[in-house]
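Asks: Can you read through this structure? Questions will come right after.
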């Protein structure tokens, strides 16, 4: 994989012999890289690590714009690296008759995909796993667990560095450009800014969580999820215990007004107009207008969110919760307003395309599946670039 010189924000050259990169400080020592992973999230770190495992002779770097990384395959890695986790189990609960058939179809898919020890249980048995949860039927997954994924990301990066890889944080990526030197055909620029790609469009959606008050955490032992409704694009509210003892409730799903807009007050007119002017976004809003209004309402009025959660845990009260964190999901959307639920690889067009692979979409659950996803991406990289 031949790339080119990495420039710092001033665009002054960083001495290298070949390939890519150099530290953001402008250190004059020569640095050589065969490949650079842009983005130090969990998938980026897992991919860089896997590429170095399969191709240990390559020199590889990760560049990340933030000051830290990331904000049965997994369990094996956790055990080998002494990463604490808890097997809490997971219930997917049907609370309405129409959901029972969907639940049974979900069970069939789980069996087809080789999920171990999954079972459908009657409503009377739900209390054996979640004493405060009610439903008509549920799918029980005993091997579902929880872990601190931020900590897992740092472990991926540590393993990557121990194998000879380099990580540069505080190094935002802006663009690549061609270079006249055939040995270094690409230059990478650093500085404030974001990459923009046409289709599918990456649209930011914000998810807002509630937190159970500490004295009410006994209401939830493990993961409690709704049965997915195929009529709507997002999963719906669920109960998620955390390694530190917190229990997150939610989230809703609303359009973020900024690419990294974690609150209603984070607004970028440019980003917002870019989202709203996209034909796919307008079609999505037309199809799910009522759903979107309800999601917005539940984000503003906690009581409305609690009412949704009470379908699963009737004892839950408005006074039992407080506002919690929010996250932004970079959702790929096509021009017809469909949320893309599969991987999207592209290299763009033009003279640089033979040296670049963009992973445009890595659908949920990307963290849980990060090691398997990394293997798939590395296979694509090795085949595409003849490594």
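Note: Cβ is positioned from N, Cα and C throughout, glycine not excepted.
Keep in mind the model is a prediction, meaning the values are calculated, not measured.
Sharing the features that TrEMBL gives for it:
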- 34-70: domain 'FAD dependent oxidoreductase' (DOMAIN)
- 77-379: domain 'FAD dependent oxidoreductase' (DOMAIN)
Asks: Could you tell me how many residues in the domain 'FAD dependent oxidoreductase' (34-70) are helical, how many are strand and how many are coil under DSSP?
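Replies: The breakdown for the domain 'FAD dependent oxidoreductase' (34-70) reads 13 helix, 8 strand, 16 coil.
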Asks: Suppose you look only at the domain 'FAD dependent oxidoreductase' (77-379); what would the mean pLDDT be?
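Replies: That region's mean pLDDT is 90.
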